[in-house]
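Asker: Dumping the structure here so I can ask a few things about it.
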Amino acid sequence: MVVKAKKQSVKEQTAAERERSPAAPGRGRRARESRAQPQSSLNACRAGSLSALLRSRLGLGPAASFRLLTVFALAVTAGFLHWHHLFHLFENDRHFSHMSALEKEMAFRTEMVVLASWYRVYSSIMDFFRIPTKMCWSINRGEGLEPVESCEGLGDPAYFYITFVFLLNGVMMSLFYVYGAYLSGSRLGGAVTVLCFFFNHGESTRVMWTPPLRESFSYPFLVLQMLLLTYILRSRKPSRNAILALCVSNVVFMLPWQFAQFVLLTQVASLFVSYVLGYLSPDKMQTILTTHMVALGVCFVLMFGNSMLLTSFYASSLISIWGIIALRDRFRETFRAGLITWVMQCLAWVVTTVILKFMLAVVLGASDDAHISSLIKSKFTSYKDFDTMMYTCAAEFDFMEVETVLRYIKTLLLPVNVLLVSIIAGRTLKDVVSFLRHPSPAEPENDNGSDQSEKLVRGVMVYHSLQLLAFAVLAVLIMRLKLFLTPHMCLMASLLCSRQLFGWLGEKLKHQAAVLAILSIMAVQGVTNLQYQWGIMGEFSNLPQEELLEWIKENTPQSAVFAGAMPTMASVKLSTGRAIVNHPHYEDAGLRERTKLVYAMYSRKPVEVVKRNLISLQVDYFILEDSWCTRRSRPGCSMPEIWDVEDPQNAGKTPLCMMMSRETRPHFSTVFYNSVYKVLKVPKAARPSR
């Protein structure tokens, strides 16, 4: 049984000045932080034995073992600092340690509840051994509100959840250090990557503000996947273990997040261009393609036959590139070797990918990703529809803001990347001109000695530059996707330490001094950015929703069915266990249709039509929110205006939500209301008389 600390009463105070009343003296959080540190002699002994193990198992000399241990230690340090940074920001923003269980659930409004099985296993084991897993306090919220119980520790579901998310993203930072060090060939390069990430933290991730996002689980595995891919690209003959690890990381990256397939599409496209330019051999390219195909098939099975994967541009692109490589000799015979062959291969890739995608969609009858095609279309044309505007009216799906570019410039991240890409592009252009003048069928893996090694390294740099450009395009079109661009820019910044690029600076010490000088300039704005983040202080409070959820639990049957705004429905499902007809998983075509029927309450349609829709969905209660009726992120983006695009025949009429906020009878009856929410009871359909 989970052991809870005894609660004590606390003094009255305001919500903004809550203080914790510990269950027993000396058992608070600060007391827990003062733990005895391991003795230095024990650490030295362990380090010595680890060094000996590395020498015996990996065949590394003392110097190489020391370098590897240093990289490992610095990577762990970077991961710990990031984990602590995330926890600190999240606690400052939400005052999470003082929130009740219901408030914690309300804070998790969208995508989540993935770790439930792990939590149950953990709780069962701890209960069996009677090990305390959490400590609870009574929190006086002031303002005439009842005190609530707030708990810390892994025995609390919300704490278990955020601890795992932040630990995963701490490991991600460790991977970034290793990645930067490996890409640049310098331990200082890993430090540059980590420091750039911290200096641009607000542009790199959202996990500290909203942990329950699918990207919080998915993105760390993309970092691992790209690190493994870099290793494979640098290897003349990559091992089976490396290929298997790449396949597994692909699967784990794709499973949690619907955008993963588009990121992998850009990766495959970047690799294909590297292949066309001669930096990647056909055999290695086909090996990578096979790995992607196997991973895609595994994901299709694990996602219960999600046809969206098979009908994606990503899947079609894999097949298309495979065919082009298989027919490479035909291309050489048909077209003159050189620029024309390159252009025709790229053209064939684009055309066949598009044709295959739409053919598969027709054959499999899948339309789950139709909204993505419409979203892309809307970025380049004036096309609009309901689903598209649901995305584009949200700031995170709009074009990248100019302010974001200015922030990149202030930390020197953009100027440094422009410099690096320009140098790499210049060297690539020389290689291309040399090839066009003296065509040769030689491939990177067939060269000998230092030429082969140097060409593989250049190929890795070309791939990362192309990937950077692809991420830049995604981020400019959809601001939310800058979470791919910014970290990759930080990674590319590690190449400041590359001797292949900057060996002309002279001796290594002079080179490192130049890098440190650039870092010191970056730190001027970077430290200011960190201080701004550390200065953010807030507190989560949503009393209207708390009242709503408590009313639902106490006054509605367990079988009741609810409809309303997608974020609110997620909270209703999580906190009350009631059935809902729509939720934030907007990638499913059927769910989009149901959400559209529900959101008709915010249109100008006749009330009879909306009522009939809700009855057809077997909805018992509709949760009406006035803010959804009046909120307008920019002109044309209020819900009634979005519906005007979809339903022009009713444009100009009074929105139904406004009429319902004043009077719901005779069509619905109001059973609950407060300052934000109004619950409408939907009448049952009349049964036919016998």
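The backbone N, Cα and C atoms fix where each Cβ goes, and this holds for glycine too.
Pulled from TrEMBL, these are the listed features:
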REGION    1-42  region 'Disordered'
TRANSMEM  64-83  transmembrane segment
TRANSMEM  158-178  transmembrane segment
TRANSMEM  217-234  transmembrane segment
TRANSMEM  263-280  transmembrane segment
TRANSMEM  287-305  transmembrane segment
TRANSMEM  311-327  transmembrane segment
TRANSMEM  339-364  transmembrane segment
TRANSMEM  408-429  transmembrane segment
TRANSMEM  460-479  transmembrane segment
Asker: Would you call the transmembrane segment (311-327) and the transmembrane segment (263-280) in contact, using three or more Cβ pairs under 8 Å, pairs 6 or more apart in sequence?
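Answerer: Contact between the transmembrane segment (263-280) and the transmembrane segment (311-327): present, because at least 3 Cβ pairs are under 8 Å.
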Asker: Should anything in the same chain at least six residues away from the transmembrane segment (460-479) have a Cβ under 8 Å from its Cβ atoms, list it; otherwise answer none.
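Answerer: Counting only partners 6 or more residues beyond its ends, the transmembrane segment (460-479) has Cβ contacts under 8 Å with 183, 226, 230, 233-234, 262-263, 266-267, 269-271, 273-274, 277, 279-280, 375-376, 379, 395-401, 404, 417, 420-421, 424-425, 428, 485-486, 488-489, 491-492, 495, 500-501.
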Asker: For the transmembrane segment (263-280), name the stretch out of 158-178, 217-234, 339-364 with the most CB-CB pairs under 8 Å.
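Answerer: Going through each listed stretch, the top one turns out to be 339-364.
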Asker: State the residues, same chain only, that lie 6 or more residues beyond the ends of the transmembrane segment (158-178) and have a CB under 8 A from a CB inside it; answer 'none' if no residue qualifies.
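Answerer: Same-chain contacts beyond the flanks: 71, 74-76, 78-83, 86-87, 90, 96, 101, 104-105, 107-108, 112, 115, 118-119, 122, 134, 151-152, 190-191, 193-194, 197, 205, 207, 211-212, 216-217, 219-220, 223-224, 227, 487, 490-491.
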